[in-house]
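Working notes, beginning with the structure itself.
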Amino acid sequence: MSEQNQILPADQVLPNKLLMIALNGKPIFPGLFTPLMITSPEDLDVIRQALEGDQHIGLVLTLDENEENPRVEDLHTVGTAAKILKRINLPDGGMNIFVSTVKRFRIRKSLSSEGRPLVAAVDYLEEEETSTDEVRALTRAIISETKQVSENNPLFSEEMRLNMVNIDHPGKIADFVTSILNIDRDEQQDVLATVNVRERLEKVLLFIKKEQELLRIQKRIQKQINEKIEKSQREYFLKEELKAIKQELGMPTDSKSSEYARFQEALENLPLDEEARKQVEQELEKFQLMEPSSAEFTLTRNYLETIIQLPWEVPSARKVDLTKAERILDADHYGLEDVKERILEFLAVRTLRGDNKGSIICLVGPPGVGKTSIGKSVARALGKKFFRFSVGGMRDEAEIKGHRRTYIGAMPGKVLQGLKIVGEKDPVFMIDEIDKLGVSYQGDPSSALLEVLDPEQNNSFRDHYLDLPFDVSNILFITTANTLDSIPSPLLDRMEVIRLSGYIDEEKTMIARKYLVPRSAERAGLEKKLVKYNKAALRAIANDYARESGMRRYEQMLDKIHRKLARKQLTSEDAPESYEIGPEDLETYLGKPVFPEEAQRKISHPGMALGLAWTPYGGDTLMIEAIRNRGKSGFKLTGQMGDVMQESASIAYSRARHIAVRYGVHPSFFDENEIHIHIPAGATPKDGPSAGITMATTLLSLALDEKVRPRLAMTGELSLAGFVLPIGGLKEKTIAARRNGIKQVIIPRQNERDLNEIPEHVTRGITFHPVESLEEVLEIALGKTTAQ
Ligand SMILES: Nc1ncnc2c1ncn2[C@@H]1O[C@H](COP(=O)(O)OP(=O)(O)OP(=O)(O)O)[C@@H](O)[C@H]1O
């Protein structure tokens, strides 16, 4: 059919010249009623002009989707003519129009001057081949395929479906279906531009097939997702249902029930006695009934957890291999022969008695003499676990015996905590600083400690938290202290005291070479062979930098040197292969000596004498000084002396004054002079009676104006009648004397037998002068006898 001979109704006479609206989105097919939103001023202008004229516009797709200001050349050539049926002005200046799309056209020529408005001369396109069998068949195929697609696609409304069935023209069916298919703009434009109806139908059929394929995939994915959701939802519902059923039956739910089962199983296997089992079962019952959100629940759970973690199993008595124990003790420690011997004896007794029970060792000595390391060695020798805690400054008995469970955050005491950690019933426990226990209103930790340590009662030790008897008698307790004086006597009575007295320079040198240097080098990341010390250097460290009786400070000094060497190794380019350290190098690494050859230790004037003192930190020398001030008589004391020492000074003064004339001192000396006695260092508190003879000697040296013999030190309590009374800590004092280069030591006669306990290498080179009276002291110290 040609355009010329087609007869059209009057209102469908289409103009040859059309005002154009460019479409960016998708083409609009003929045969539809559709709204259009017009917003751009140019398009609004086009609509106005069209409404003033024949009310027709052309709707054409832009070539480029993003074209914002197209000219006629930027448009596809085939578009759709439409008649504006209705116009609604919008408040924002835009316009909503309702059009009826009428017919395809092809742009013949642009009639726009300066690009705007878009006007073109057009030719209308007629449908071709509309009634062949092939076309009919294709049409039917499209209709039936589209029906299938439409059933699964919500975009196809019922109305659309009806619409489709009622359309009689095959070309229109193709257009309609294309307009609602989800295909891109170019494909739709392609359909629009296909004038041949058969070709158009074929293209559309292809698109429908594609759509069907897509739908199939979509369905499959949807199905998979649904299945997953259904499964998890089903599980969720089932679980909830199960919970509800359990609650209904009063059974424990979810994690609580698994914990309950765990506790129940663990408790069944624990060798609890009847009382314990009954109580624990009650707790378990409570646990089952409690709400998991309540605070009580957590308390009970922690309690049950503690119960199952504690070692209840009674260990079989292990046989101690004494030779092996000796080997281990020897390998770990230099010297300390007497200590090792005592420990081995102790172990032998325990083994012979056949049980693990027995008394407690108390290692007493200054810091750093190897108490801890002996403890560790004992554990190693016995093949037991080692646990250490300090009771220094402890004021609250709850730290040992635990808090009652009524408190939130309550915990068992240190002893049970330790057992929980080591997980064995017979470990070695080291309790440090037993001499520094405190007492307060929160209870007396020493009596709590007694309950733990006392072999008579520790087989049923009752911790407040556990609230059940627990046998701690299989633990081997080793306590440590610096002094025995402040250990509560009920505790001291139950312990076997082993003293470690400190080391002389030779021992320190040996310990350093064999143990400390390699360990400290390793700590600094240095290879052991990299650093070598000659003997003089090791000795100089002991003498000039670490004079204490223990090895702590010595170890710190070595660490300091090794840290510096480690840095040197990394930063200097020509770091040597190895370091030979001699005494001359020490100042570079450690700074100036802390203990230079002290002037105060040298007796330089009359009125000076060197005493020996015992302190919890080891033995030490004590220089006592006296001067006289003319004027009044009497004496005064300075240097932080304790009460006992002040009394001792007073006795020394009276005694010295009493016997002075016998040595030819003018009788008015004490009447006309006030004597001032001082003991440096003034800031260190000192006490004890053992400086008695030293103070008396100082006073007579001052009165006689005679210097005391050099390299002589003394210790001894003085009685008012002039007798020299015994003192304690002779070994520590001897070590201190040796460290300070003393050659002669005056000691009380009654202490003479203590010399046997001091190793020969400590006493070597020192002459001991046992004395009974002050006169003997003065004879040795000042070379003076009474003038009768
Ligand atoms: N006789 C020794 N043989 C080998 N090493 C020793 C000896 N004495 C002490 N040491 C070492 O000296 C260091 C300090 O000793 P330890 O820590 O055992 O001292 P301590 O007496 O427990 O001190 P504190 O009372 O301050 O706890 C450790 O490295 C230890 O191995």
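Glycine too: its Cβ is placed from the backbone N, Cα and C atoms.
Just so you know, TrEMBL annotations are computer predictions that nobody has curated.
Note that this is a predicted model, so its numbers are computed, not measured.
Some features that TrEMBL has for this protein:
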type     : residues                                                       : note
DOMAIN   : 18-212                                                         : domain 'Lon N-terminal'
BINDING  : Gly365, Pro366, Pro367, Gly368, Val369, Gly370, Lys371, Thr372 : ATP binding site
DOMAIN   : 603-784                                                        : domain 'Lon proteolytic'
ACT_SITE : Ser690                                                         : active site
ACT_SITE : Lys733                                                         : active site
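Structure with TrEMBL features highlighted.
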residue	record	contacts (Cβ under 8 Å, 6+ apart)
Gly365	ATP binding site	Lys371, Asn482, Arg499, Leu500, Ser501, Gly502, Ser549, Gly550, Gly618
Pro366	ATP binding site	Asn482, Leu500, Ser501, Gly502, Glu548, Ser549, Gly550, Thr615, Pro616, Tyr617, Gly618, Glu732
Pro367	ATP binding site	Asn482, Glu548, Gly550, Arg552, Tyr617
Gly368	ATP binding site	Glu548, Ser549, Gly550, Met551, Arg552, Arg553, Tyr554, Glu555
Val369	ATP binding site	Leu500, Ser501, Gly502, Tyr503, Ser549, Gly550, Met551, Gly618
Gly370	ATP binding site	His333, Leu336, Leu500, Gly550, Met551
Thr372	ATP binding site	Arg388, Met430, Asp432, Thr480
Ser690	active site	Gly611, Leu612, Ala613, Trp614, Thr715, Gly716, Glu717, Ile727, Gly728
Lys733	active site	Leu612, Ala613, Trp614, Gly619, Thr715, Ile727, Val745
DSSP three-state call for Pro366 (ATP binding site): helix, strand or coil? coil
Quick test of your reading of the structure: among the recorded positions Gly368, Val369, Gly370, Thr372, Ser690, Lys733, whose CB sits under 6 A from ligand 1? Gly368, Val369, Gly370, Thr372
Any idea what the model's mean pLDDT is for the domain 'Lon N-terminal' (18-212)? 85
Which residues, same chain and not among Gly365, Pro366, Pro367, Gly368, Val369, Gly370, Lys371, Thr372, have a CB within 8 angstroms of the centroid of the CB atoms at the recorded ATP site? Leu363, Thr480, Leu500, Gly550, Met551, Arg552
For a quick check of packing: other C-beta atoms within 10 Å of the C-beta of Lys371 (ATP binding site), how many? 25
